Amino acid sequence: MFALCLRCPGQVGGFGRYQWLHVTLISFPGLMMASQNLLNNFISGMPAHHCSLPTNHSLHNLSLFYQLLRVFIPPDSSGSRLDRCRRYVEPQWQLLAANSSANLSQLPTEGCLDGWTFDRSEFLSTTISEWGLVCSLRPLKQMIQTIYMGGVLTGAIVFGGLSDRFGRRSVLIWSYLLLAVLGCSSALSPSYSAYCIFRFLSGMAVSGIILNGVSLKVEWIPTKSRTIVGTLTSFFFTFGQMILAGLAYWLRDWRKLQVVVCAPQFLFFTYSWWYSESARWLVLNRRSEEALKTLHRVARINGKPEMVNKLTMEVLHSHMSKEIESSHSSFTAFDLLKTRGMRRISICLIAVWSETHLFPFNLFTCSPVHLFSFYVSIYLMQIIFGAVDFPAKLFALATLSFLGRRVSQAGCLFLSAAIIFANIFVPSDMQTVRTVLACLGKAFTSASFTTVYLYTGELYPTIIRQTGMGFVSTFSRVGSMAAPAVLILDEVLPALPSLVYGGAAVLAGCFACFLPETLNMPLPDTIEDVEEKCSGDVETGGEGT
């Protein structure tokens, strides 16, 4: 009976009061986690701008300001708008004449020696306008996101190992505090360099929160409830995307927005001390007495006090002898590749995680052809992309419940590839069609996100689960950081980035087909459990059980 309770903690009262509180409280920070990944779209929004005029030619008192700007600012290469990075050396008043025939290309120009003037209709203040990250410094805008993703990558490596050593609860609690302090401190950054440092460290904390939150939820959820709970809790991230759009529209100031999305982490840190450590992890780390006390506490909260007398140390040792014996060994990331089954799982997950994070960051954060390219307000587009998640995750819930994890994961990746390839043949002037395809791509990618987090937690054993989550998550961040480099290929052939993204999705979908099925299967606790499952999966032709 205790083995059942430990392998499926819901047995101490089913999916009772404790599980509801536990899952809800851990999922609630997801409302702000989506903000962290997409924050750069608003924090570093690119307002319309042009060179500031010389101090001795101020136009602030002139009613025809915009008409007179062409006296000071030349047109850009398209001729339809003012140049953003050049101005005339001397005012060209003759250009105001209706019959002016001046050759604009021969008029002397210079850089923006007095800085830039930014349009404040969409953003009151961004890192771009504050630190002048335009023209020759424009690449520094994307560098902020790349540095942040580097922090997420580093955090996956660091916190993955720490949580397997010190526990999911402890690392999760301190990750909340780190993000709260570092995130709010970044709003006080006096320079671009300081802000990048704070964003890197914030990215590390985000990894600690997401990875440990997923594991701590999964290890307390009964087997039959994992699919629906895992999918429904992902809606917190969906609402978070829409909340971010509302906050950004309301504040329109990057420093205020930075504080507002990070300050709630202090609240999460305060109540996170209520969490119970994973009973699985406690037993496998030779802390059986704490595991027993934790299970007794859960039983009492769930209104099952009779279970307290039935769950004893003797029952624990008799039913968990195999797992306890395995726990005497120490494990590292190398153990993820040592045995045949673990190696198969890790290699396949590396491909799946890399692609799952490659396409979305191209769509939302890495490309000039992202939120700003759909000719829709950035705030409205963010809400649309967030709303798309609702049917996408309901679709994921249905497929995960009836078709299983493997089919769901591979199917989402193949459908994402089909959307990317279809977009190649849509003319750029058909913006409605391109926007619809972008939303469909976002939908299938969201379904893939939901699936891969749940699937990975079920594939890796408890004794090394967090190390595994951190390991594959590391490669996913490499995919995110590689996305901007892939976009450079459009200079060779406009369709080449789409071919790379689509091809990568197809390849990842093929790798997903080789993963073992975990639908309605108990969580593995040891590497031996995984090897037995993989051996049985191979013998049955990969059908799973």
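We count from 1, first residue shown onward.
Cβ coordinates come from backbone N, Cα and C, glycine included.
TrEMBL does not curate its annotations; it predicts them automatically.
According to TrEMBL, the feature domain 'Major facilitator superfamily (MFS) profile' maps to 95-520. The transmembrane segment annotation in TrEMBL covers 143-162, 171-191, 197-216, 228-251, 257-276, 371-395, 407-426, 432-456, 495-515.
With pairs at least 6 apart in sequence, the transmembrane segment (228-251) and the transmembrane segment (432-456) have 3 or more Cβ pairs within the 8 Å limit; the two touch. Cβ atoms under 8 Å from those of the transmembrane segment (407-426) belong to residues 352, 355-356, 359, 396, 399-400, 433-434, 437-438, 440-441, 444-445, 447-448, 451-452, 455, 495, 498-499, 501-503, 505-506, 508-510, 512-513, 515 of the same chain, restricted to positions at least 6 beyond its ends. Taking pairs at least six residues apart, the transmembrane segment (257-276) and the transmembrane segment (495-515) share fewer than three Cβ pairs below 8 Å and do not count as touching.
If you average pLDDT over the domain 'Major facilitator superfamily (MFS) profile' (95-520) in this model, you get 82.
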